[in-house]
Amino acid sequence: MLRRTIASLKSSISLHITEEASIHNAYHCRTFTTQSPLHLREKDRICPKHIDSVITFVLGGPGSGKGTQCAKIVETFGFKHLSAGDLLRKEIVSDSEYGSMILDTIREGKIVPSEVTVKLILRELESGDNHKFLIDGFPRSEENRIAFEHITGSEPNFVLFFDCPEEEMVKRVLSRNQGRIDDNIDTIKKRLKVFESLNLPVIDYYAKKGKLHRINAVGTEDEIFEQVRPVFAACEKATIT
């Protein structure tokens with residue numbers, strides 16, 4: 001039954017589990033409760049394997065170019081790229097117990113609880129030998145941020161924010177021609193409002209902590225990366241010393 005359901009929803013999964021998922025709920029459900037099989041017990045909240053990892057949150061509105069820059073960071077500095085939306089999609093198509101629960105949550109028009117997304121991220125932090133991570137598009141809200149810090153017992157080493165004017169983001173999304181059903185002007189503007197409402201408090205929080213690197217996301221890919229490169233070069237130098 002789940003396989004048939006997944007097949008019928010394949011074209012719309014991307015819409016529902018990225019930051020534009022359930023725009024109505026993004027405005028009206030600022031805090032969430034979780035009674036899921038992924039819920040962590042208190043003794044599981046510290047993740048010792050990733051304590052020495054370099055963790056970077058990568059934030060920016062739709063069309064800000066953060067995905068493109070993440071690919072350049074991976075190629076140049078050897079980070080592992082984790083996308084919260086991709087992890088949820090992967091879990092759904094795995095036909096696991098958790099995937100079924102995530103899909104049911106989305107079908108009901110609800111936002112996947114932060115504890116669920118954090119557990120999937122945590123699993124990736126614990127796997128493999130790479131200890132340098134880009135976490136793309138997360139946290140999307142203060143609730144996400146608090147859940148990550150509480151469950152993992154850690155904070156990001158630093159945060160990249162790709163700061164891009166709204167008109168530029170709209171133009172980029174409309175021109176990228178990816179065939180996504182949410183790439184229309186009305187939906188894009190709603191997504192940007194959701195981003196501003198939920199994501200900017202996270203950005204302000206990390207700015208006050210001195211962990212935010214604000215990148216001017218206007219220009220060519222290479223021009224933008226020349227702003228990004230020194231951040232990671234300094235990180236590598238600090239790690240070596």
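Glycine is treated like the rest: Cβ placed from N, Cα and C.
Given the structure is predicted, the values throughout are model-derived calculations rather than measurements.
As given in TrEMBL:
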type	residues	note
BINDING	Gly63, Ser64, Gly65, Lys66, Gly67, Thr68, Arg176, Gly219	ATP binding site
BINDING	Arg89, Lys110, Ile111, Val112, Gly137, Phe138, Pro139, Arg140, Arg180, Arg191	ribonucleoside 5'-phosphate binding site
BINDING	Asn144	CMP binding site
Of the binding-site residues listed as Arg89, Gly137, Asn144, the one whose CA lies nearest the CA of Gly63 (ATP binding site): Gly137
Residue among the binding-site residues Gly65, Gly67, Gly137, Pro139, Gly219 whose Cβ has the most other Cβ atoms within 10 Å: Pro139
Residue, out of the binding-site residues Arg89, Arg176, whose Cβ gathers the largest set of other Cβ atoms within 10 Å: Arg89
Minimum Cα separation from Arg176 (ATP binding site), reported as the residue among binding-site residues Ile111, Gly137, Pro139, Asn144 that achieves it: Gly137
Cα proximity to Lys66 (ATP binding site), best match among binding-site residues Arg89, Ile111, Gly137, Pro139, Asn144: Gly137
Binding-site residues near Gly67 (ATP binding site) (Cα-Cα within 10 Å), from Arg89, Ile111, Gly137, Pro139, Asn144: Gly137
Among Arg89, Ile111, Gly137, Pro139, which are recorded as binding-site residues, the nearest neighbour of Gly65 (ATP binding site) by Cα: Gly137
Rounded Cα-Cα span from Gly137 (ribonucleoside 5'-phosphate binding site) to Gly219 (ATP binding site), Å: 21
Length of the line joining the Cα atoms of Ser64 (ATP binding site) and Gly137 (ribonucleoside 5'-phosphate binding site), in Å: 11
Among the ATP-binding set Gly63, Ser64, Gly65, Lys66, Gly67, Thr68, Arg176, Gly219, as the record gives it, the longest Cα-Cα distance in Å: 16
Integer Å distance between the CA atoms belonging to Asn144 (CMP binding site) and Arg89 (ribonucleoside 5'-phosphate binding site): 18
